[in-house]
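See structure below.
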Amino acid sequence: MIIRSPEPEVKILVDRDPIKTSFEEWAKPGHFSRTIAKGPDTTTWIWNLHADAHDFDSHTSDLEDISRKIFSAHFGQLSIIFLWLSGMYFHGARFSNYEAWLSDPTHIRPSAQVVWPIVGQEILNGDVGGGFRGIQITSGFFQIWRASGITSELQLYCTAIGGLVFAALMLFAGWFHYHKAAPKLAWFQDVESMLNHHLAGLLGLGSLSWAGHQVHVSLPINQFLNAGVDPKEIPLPHEFILNRDLLAQLYPSFAEGATPFFTLNWAKYADFLTFRGGLDPVTGGLWLTDIAHHHLAIAILFLIAGHMYRTNWGIGHGIKDILEAHKGPFTGQGHKGLYEILTTSWHAQLSINLAMLGSLTIIVAHHMYSMPPYPYLATDYGTQLSLFTHHMWIGGFLIVGAAAHAAIFMVRDYDPTTRYNDLLDRVLRHRDAIISHLNWVCIFLGFHSFGLYIHNDTMSALGRPQDMFSDTAIQLQPIFAQWIQNTHALAPGITAPGATTGTSLTWGGGDLVAVGNKVALLPIPLGTADFLVHHIHAFTIHVTVLILLKGVLFARSSRLIPDKANLGFRFPCDGPGRGGTCQVSAWDHVFLGLFWMYNAISVVIFHFSWKMQSDVWGSISDQGVVTHITGGNFAQSSITINGWLRDFLWAQASQVIQSYGSSLSAYGLFFLGAHFVWAFSLMFLFSGRGYWQELIESIVWAHNKLKVAPATQPRALSIVQGRAVGVTHYLLGGIATTWAFFLARIIAVG
């Protein structure tokens, strides 16, 4: 008799052909909802169609189907991203002066867009140097392309075609994994496996392959470029990859191959994996050998991290165990139950991811200027300002999104009957203490931060400069910030003995780096002016958090409306006969939070723009004398509200206001148009629904008189729809106005 060990059961993780592919169904507007699919009775139908198209929760309550829809939509998103990237590379290949810029990046400005001569628009094609006329771009693509070793427009064409292939592949994957082989719910909930694959695969192998590309392709090509070799004379990427002797001429350790690696004599590789710190004086960017070293180190960390979690083999961490063991002395059951929340509520999961990614994006904004990663990025002031502003806005939106989805989780997915005495339950039970304390902090910060400015304006108006808070009168030095700067400046040789220079020139202690007689970076001094505006930052951030957190903690119930959870995520008021209950839904808190996020980020980007023009950016003479763009006026001018209005907003708006008739005139038109878009928003925000309904009814009467009445009954926007349209135009108008103001200014003077 043969005894066989039982065969291990193979888990089937996908359903085959679960949903048929039907273009007839998709062609029907609102096919995802019985009500909407019936077609329009009133004009509200089109708004509901847009509001619910991506609200998968409203299509079905089946978590598996919702998960599959989200998964499939992600592939669609990736497809759009590849298409967009492909377009960027195509513009670089077809409409740009990339090759000219590559040969002289200090005198030629990047341009990848040429305007057609229709109705005189060719005025927008400014002279960017090198005999090329086009629109100056500030996206940083040229700098990324140079850093990655792209030396010709042909290579950009090839990459653009590759992007299109990947876009098609992603579209196919989105269809395939919903209609042909759709993963089961268990697959989406297998977090350990997901962590292992994402950490080791995406982040680990991704970083490793990028490090490999940098070592074998970017470093040698950039070494030639920095030495002034004509891009057409530089060997092509595959020659470096296939011919080791070619690399060994630049980096001698390549001649020894992998021997130093396996004999643990890693120091041999120090010619291309460095730990220098600071900036390359030729390009004003981080040392590319430092960056390659960084990606190799990150890859090792993530490859290890991707083998830490317990899957089919009984070793490693289980997330559920980690969470349930996470108990503090004052937190009751601690994180018990969070595992179930995060594997059954994608809103809860998304909320955490948005909060993390939003914070990370803001961190990226701050590192792009203080540690500029790409060659010739630091001296391209327009790109520096654009990258900072862009990443700040994106980070702000993501963080508000985190609060929005946390509130949706509270309303739709939170089950109070199964949660007792865990962390979330405890936070909810003393939410009054949290919100009232936060409210007190906001009042304190608001009065004190603004009060310092009002004091200065008053003293300035009364002609008493000696009584102002300033670096030359009553000093309020940011001593903690200065201490942090100093600690980092002194780190090489003390806490970071391996590093030659500090992580960033901004800490101080070093000399400035100039490229082509322009300042790339220098130690940034902090004084009373920065102390004042930093407290405005603290104030606006805390108010944003107050509004958003109150929305989350009171999403299900409040003293005013105990049954709020039954009313849903967004509702205008608690029904007729209950006055004073409007604008209390979780959605309304997100709506209000967006305005304060806009306030907060605006002050940050204004601070950055002025500070850099005043104290960092500028030209340097052959004698070594630095002339800053605004001549260091930040310290004395930004300490009054009047100074911000007069010396920043008004003084620096002259370029955009006077741009008519020049190649910057598009920014002048955008400045005007975006102000109009912003003003248009006020019509939605300050006006009641009834006003519009009355107006519509008299317009309908006129149509009836002329027998041209539509079949679909016109309706005013609901209160929530009106506020949504209002906040959208407010933010769009405000951001586009700022964009035009910043770019016209910095392209003209930078």
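Note: Cβ is positioned from N, Cα and C throughout, glycine not excepted.
Taken from Swiss-Prot as is:
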- Cys573, Cys582: [4Fe-4S] cluster binding site (BINDING)
- His675: chlorophyll a' binding site (BINDING)
- Met683, Tyr691: chlorophyll a binding site (BINDING)
- Trp692: phylloquinone binding site (BINDING)
- 70-93: transmembrane segment (TRANSMEM)
- 156-179: transmembrane segment (TRANSMEM)
- 195-219: transmembrane segment (TRANSMEM)
- 291-309: transmembrane segment (TRANSMEM)
- 346-369: transmembrane segment (TRANSMEM)
- 385-411: transmembrane segment (TRANSMEM)
- 433-455: transmembrane segment (TRANSMEM)
- 531-549: transmembrane segment (TRANSMEM)
- 589-610: transmembrane segment (TRANSMEM)
- 664-686: transmembrane segment (TRANSMEM)
- 724-744: transmembrane segment (TRANSMEM)
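This view paints the features noted in Swiss-Prot onto the structure.
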residue: Cys573; record: [4Fe-4S] cluster binding site; Cβ contacts under 8 Å, 6 or more apart: Thr581, Cys582, Gln583, Ile719
residue: His675; record: chlorophyll a' binding site; Cβ contacts under 8 Å, 6 or more apart: Gly733, Thr737
residue: Met683; record: chlorophyll a binding site; Cβ contacts under 8 Å, 6 or more apart: Gly726
residue: Tyr691; record: chlorophyll a binding site; Cβ contacts under 8 Å, 6 or more apart: none
residue: Trp692; record: phylloquinone binding site; Cβ contacts under 8 Å, 6 or more apart: Ala716, Leu717, Gly722
Tyr691 (chlorophyll a binding site): secondary structure state under DSSP, collapsed to three categories: helix
Cβ-Cβ neighbours of Cys582 ([4Fe-4S] cluster binding site) (radius 10 Å): 13
Surrounding residues of the transmembrane segment (664-686) on its own chain - C-beta under 8 Å, 6+ positions past either end: 123-124, 126, 135, 655-658, 717, 722-723, 725-730, 732-737, 739-741, 743-744, 747-748
